[in-house]
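Everything on this sheet refers to the single structure shown next.
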Amino acid sequence: MHFRTFTLLLSASAVFSAPLEVDVDSDVDAATVNARTDLPEDHKLASRFSVPVVPNPEFKRDGFHELRKAYLKYKRHFSDLVIPPGLLNYTKPSKLQERGTRTGTVVANPVTYDTMYLSPITIGGQKMNMDFDTGSSDLWVFSNQLSSTLQAKHKNLGGNIYTPSTSAKVASGLTWSITYADSSGASGTVVTDSVKIGGITVAKQAVEVANTITSGFEDFEGDGLLGLAFSSLNQVSPTQQKTWIENAMPQLKAKLFAADLRKSAVGSYTWGFISQKYAKKIKYAKILNSGWWHVAASKGIKVNGKLYTSGASNSKGAVPDTGSTLLLMPTSVVKLYYAQVSGASYRSDMGAWVYPCTSDSSSSMPTISLPVGNNWINVPGKYMTYAYANSAGTMCFGGLQSLGDSSTLPWIYGDIFFKGVYSVFDYGNKRFGVAQKS
């Protein structure tokens with residue numbers, strides 16, 4: 001089953017409208033919501049809605065590949081970040097190679113592989129399955145401007161290709177480029193087109209159309225990326241463009257969105273409202289002055305409830321990043337955690353922490369508690385085993401990894417973090433909120 005086929009098994013109309021019946025904005029009571037009968041039906045849908053975020057059941061995680069991606073992503077912004085040579089030169093097996101060696105016995109493995117999250121949107125009426133990324137600010141897509149070979153490869157992997165149609169207009173003079181430390185990347189031209197997510201359409205959204213993609217991007221697991229950070233990180237030149245979420249703000253009942261990501265299960269992004277289930281539990285931290293969703297995180301860490309401050313000081317804060325897979329922290333902090341994991345060791349050639357796999361690797365891992373402003377959030381041990389670290393399946397790759405000892409890099413809270421929390425990205429009040437899941 002291709003991952004996009006699986007994604008679209010959900011009825012878009014049913015998923016988009018259901019939350020209006022069962023969830024209430026945290027600051028709006030049910031009577032107020034029900035009284036909005038004078039609004040057109042499409043307006044009610046546009047003001048608050050939910051979009052499914054679906055894991056790809058075929059996607060086999062590669063911890064070294066994910067760690068390498070994180071290094072490359074943040075090296076662009078933090079020049080003192082040193083990438084381990086072995087990791088820099090690491091090449092992930094192609095999707096086609098992996099597909100040819102799969103068997104039906106994967107579910108019996110002691111490690112439950114994590115999955116990439118994709119959400120359906122439409123661009124100019126064309127369905128695309130995108131990676132929503134709170135750690136970047138670009139909306140770019142695979143397009144018909146790529147070589148015929150690359151287009152065919154992407155389609156063969158189940159992908160969709162965006163073709164600018166009559167609704168698209170060329171943004172004359174604008175280009176974009178995302179280049180990483182290993183010279184991989186993507187670039188192209190810019191058009192404006194209608195971009196619809198759930199019940200909201202932004203009519204003239206800047207869409208970055210890829211005409212060049214290097215080998216490091218060819219196996220990108222979605223049809224493109226939709227950045228949800230602030231526009232100051234946008235890579236369009238010479239004039240930066242607003243993100244979809246910033247353009248959509250006037251149509252949202254509340255100027256926020258929330259993420260409910262789940263391990264190997266369907267989750268959701270909700271727009272314009274907060275789930276009633278979590279509304280009274282959310283604790284907020286103010287956003288620091290940066291282009292990311294950047295919060296203070298200076299309280300140290302806890303491992304199985306024990307507080308560590310020595311070796312875990314942090315004046316650079318943390319970035320909640322749905323576009324990164326792993327939890328990423330300085331070496332000194334990571335050592336504190338793996339000191340509690342039997343047999344854990346640092347693989348210096350690849351810059352990664354690994355440990356022996358057992359039948360209960362996931363359940364036996366320690367819980368780590370992380371600061372979000374003045375609040376603590378637990379990441380249960382069951383989420384901390386990410387993938388196998390060798391072909392024999394005897395070593396495991398941890399969900400917490402080091403990004404070295406950069407003096408400027410914040411902690412990165414990737415998808416491992418989000419599985420344990422319901423999170424709120426509050427644009428209107430410039431704050432990030434979290435509620436612990438049970």
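Glycine is no exception: its Cβ is also placed from the backbone N, Cα and C atoms.
The signal peptide feature in TrEMBL is assigned to 1-17.
For 117-435, the entry in TrEMBL reads domain 'Peptidase A1'.
According to DSSP, D133 (active site) is assigned to a strand segment. Residues or ranges marked as active site by TrEMBL: D133 (among others).
Using a 10 Å radius centred on the Cβ of D321 (active site) and all shown protein chains, the other Cβ atoms total 27. Per TrEMBL, the feature active site maps to D321 (among others).
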Cα-Cα, D321 (active site) versus D133 (active site), nearest Å, comes out at 7
Taking the Cβ of D133 (active site) as the reference point, list residues of the same chain whose Cβ is under 8 angstroms away and which are at least six residues distant in sequence. L225, L226, G227, L228, A229, D321, T322, G323
